[in-house]
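Asker: What follows is a structure written as structure tokens; I'll ask about it next.
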């Protein structure tokens, strides 16, 4: 369809067809050129490709009118003076201006037939929008702008149409200074009473300024730098190049074994397990505190399909499903106290998911003292001295003499940071399917990282021996931490219901439900006092930190330890003290999330480096370099040697390879000639401690099938997308000397491999690979005499099937072709000085090291940021699978971009999550991935203490995304300099659009 036909088309063309037409070759003399370019921008922000391929412009306009949908297209068409035609059964075609197309103006049964857009010759038209994220994000405010000039180039007509973010459209044909925004902001929270309103209110001024700059350029009145016109243009992502080959035979870039099935949708997850059975939907508390006095279920039972409502009275064993014993009931009992919004009250069981959800909504709760004394924020908890007592780490680090350090300093100053939380937001939410077995046993399929922990919880809840509970899993569709401990409450609800009804029961959370009921990353408030010399070398640092643990302990104690130990990073701190306090609030229990407490600690560390640089008038990289450990003094503040330290090597190599100095000068030159666009580049180093103890003892079972030599491997880890099955299969194939396609990794099953630890800490893959390797060594000993016999007989090495067949067919002496392995190195070490004095506990066994450099471009007027390029160099030892490791590295880095720049969980004054679902919560997408993304693993670098020379990878690169935040801060500093403001300032985190605006 060409553009001319489209402009007079009916409601039939899809949005995708419209967009393709707008991108076509349009005659510049028609007056449509700048209009269709602007409309193309508007249409591209309507939903996704598959929806645009089905839905048309007419549907978009109708839901805007009928349901108040915040359309991007509507204000764009309003400003273009568009008109629509419609018909009804009883009327002929009627044509009205789009400005009159309001609720009640058009019959409800009207059919839109045509969209009319006038020729806008002698006018200039532009459409602007800004959202939390570039794509698939509703806007803070969008608008269409149009001016008409006469022959003297004076404005004869002006049109501005703006969309209101929350409510309906606010058409304005007047001065922009008179604009008013209606309605309460969706983002109004207890921590940020004004929400995003201040930012939204200034957007019309921004748009008008941008519009007139572009209009001047369009009419040839004034030329502006091309870089400063329009929005930050997205460039296609450059194709990735692994550039890596394995350094060991058989251990190379094998794709994930399930890659084809994952990309085609052929693989099965927990929710795909076949069942005739029932569906459960939880009834959750809507208040943060109170006493549950009564449950009224009468209306729920009237919902067609509702079978039963399961409560605390139905729990056959202990009503306890938390990580710490006695803290968290499966269901709140009548007369019991409520701890948080989202706490489990009951489970409605029905014949369908929809019926269960409708039934849950119909349950009425009588709660006394609702929200009385509720503690929602971290500051409220600190003021009330509300502690999680056993999760503190006082003197987590205590080295040297602080006062002596301050006395020898040229500058002593104090500062503070606040880091927000983060939702894990896996594609597959919390899910469990409980199937009752004979003798009151229970099989549970669930999406988890801790199947053996869940098995133990369910045994207690059901009041049966642990051997009667079997937990299984094919894979998890993402996990990222909360599926360690927060999966058990979901599985417990399903198991109690299945036990009571003697039928299979499935409980599957949707995104909004999970975000309101399941905690995430801990937020932290930190105060510090630092002493430095004139050159920026740190002499003393005292850090006091408080975290929001939520309503129970969960993993908070472990997390606080890791947060404190992440603060030193790669730097030398001669005198240092770190205290980390755990605060209790009436919010869902926060828990493990990818990289655990390290991102919070790393943020504190690098914020201090930037604070020092700002106060001394230096660049942060200079401060980082002068304080960076060398191979000679690479010892942590708690006395642990950082073995095989190579950060200085990585740092220098990456800066050289990425041409850091050259690009930094290029950014300076760009900023001198551009007032409203800024570029900056930042480099950060990293050291990350890993602890085998997190997964130590997780075993593996390797079975060789004598009929054909195929191999089945069972292990205690969970496939959560990190490629654990693929690496295990590779290690087994290499260890046994069999083809990789002979190896199958079976589903995780507590009945086959018991006593497994959690899958997490980046370490489980190594542990189970080594466990499988140990099992293979036993099998090789069994096969050895048969191999020697066959080689002597035939004069050559036997093939794998021949070898297995020989071991399996010895008359009267068939060999055992099954073996188990386990890897359980020691952890939780203590370090002492030369006199035997304990310096402090550490839980790390080794460190991985890395460095990252990012360059960004900032739109000063809107606050939008585009990451132009990121370079990463990382030490993973001798990789078992470089392709998977690079994928994990890239994924962790982009996760970090989301944490530091975009993702913002917000709760209101009642403790209710306001940023629920994909509509309000915005993890990064492809547009947030660096346009040029260069990732390299350090080669020729085997780790002598690692499994086959390798190191862990999954979590550490997350912190290197701080380079994006650091570069953004530099770009803001350049804009502040132009405005006559101080270049030393405090930047909120996450660095959202409104934070940049502040």
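Cβ atoms here come from the backbone N, Cα and C positions, even for glycine.
Curation plays no part in TrEMBL annotations; they are all automatic predictions.
Copied straight from TrEMBL:
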- 72, 112, 129: FAD binding site (BINDING)
- 264-371: domain 'Aldehyde oxidase/xanthine dehydrogenase a/b hammerhead' (DOMAIN)
- 449, 480, 594, 761: Mo-molybdopterin binding site (BINDING)
- 596: substrate binding site (BINDING)
- 955: active site, proton acceptor (ACT_SITE)
Asker: Summarise the model confidence on the domain 'Aldehyde oxidase/xanthine dehydrogenase a/b hammerhead' (264-371) as a single mean pLDDT, whole number.
Answerer: 96
Asker: What does the structure give for the C-alpha distance between residue 761 (Mo-molybdopterin binding site) and the residue listed as 'substrate binding site'? Integer Å is fine.
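Answerer: Here the two Cα atoms lie 8 Å apart.
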Asker: Using DSSP, break the domain 'Aldehyde oxidase/xanthine dehydrogenase a/b hammerhead' (264-371) down into helix, strand and coil residues and give each count.
Answerer: 21 helix, 33 strand, 54 coil
Asker: For residue 594 (Mo-molybdopterin binding site), which of the three DSSP-derived states applies: helix, strand, or coil?
Answerer: coil
Asker: CA-CA, which of the binding-site residues 112, 449, 596 lies nearest the residue listed as 'active site, proton acceptor'?
Answerer: 596
Asker: About how far apart, in whole Å, are the alpha carbons (Cα) of residue 594 (Mo-molybdopterin binding site) and residue 72 (FAD binding site)?
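Answerer: Roughly 35 Å, rounded to the nearest whole number.
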Asker: In sequence order, which same-chain residues at least six apart have a C-beta under 8 angstroms from residue 129 (FAD binding site)?
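Answerer: Residue 129 (FAD binding site) has long-range Cβ partners 41, 42, 45, 72, 139, 141, 142, 143.
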Asker: Taking the centroid of the Cβ atoms of 449, 480, 594, 761 as the Mo-molybdopterin site, which other residues of that chain lie with their Cβ within 8 Å of it, listed in sequence order?
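Answerer: Not counting the recorded site residues, we get 479, 481, 483, 484, 592, 593, 596, 720, 759, 760, 954, 955.
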Asker: Would you count the other CB atoms within 10 A of the CB of residue 594 (Mo-molybdopterin binding site), including those on all shown protein chains?
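Answerer: The Cβ of residue 594 (Mo-molybdopterin binding site) has 24 Cβ neighbours within 10 Å.
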Asker: Just how many other Cβ atoms lie inside 10 Å of the Cβ on residue 449 (Mo-molybdopterin binding site)?
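Answerer: Its Cβ has 26 other Cβ atoms within 10 Å.
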Asker: Going by DSSP, is residue 129 (FAD binding site) part of a helix, a strand, or coil?
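Answerer: For residue 129 (FAD binding site) - judged by DSSP and reduced to three states - the answer is strand.
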Asker: Report the largest Cα to Cα distance, in Å and rounded to a whole number, among the residues 72, 112, 129 that the record lists as binding FAD.
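Answerer: Output for FAD binders 72, 112, 129: max Cα distance 26 Å.
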Asker: Distance between residue 112 (FAD binding site) and residue 480 (Mo-molybdopterin binding site) at the Cα atoms, whole Å?
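Answerer: Each residue's Cα considered, residue 112 (FAD binding site) and residue 480 (Mo-molybdopterin binding site) end up 47 Å apart.
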Asker: Please give me the CB contact count at 10 A for residue 72 (FAD binding site), counting all chains in the structure.
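Answerer: The answer is 25.
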Asker: When DSSP is mapped onto helix/strand/coil, what comes out for residue 112 (FAD binding site)?
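Answerer: Looking at the DSSP assignment, residue 112 (FAD binding site) belongs to a strand.
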Asker: On the Cα atoms of 449, 480, 594, 761, which are listed as binding Mo-molybdopterin, what is the maximum pairwise distance in Å?
Answerer: 12
Asker: Can you grab the distance from the residue listed as 'substrate binding site' over to residue 449 (Mo-molybdopterin binding site)? Cα atoms, rounded to a whole Å.
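Answerer: Pair distance, Cα basis, whole Å: 14 Å.
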Asker: With every protein chain in view, what's the tally of Cβ atoms within 10 Å of the Cβ of the residue listed as 'active site, proton acceptor', excluding that atom itself?
Answerer: 27
Asker: Tally every other Cβ atom lying within 10 Å of the Cβ atom of residue 480 (Mo-molybdopterin binding site).
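Answerer: Other Cβ atoms within 10 Å of residue 480 (Mo-molybdopterin binding site): 25.
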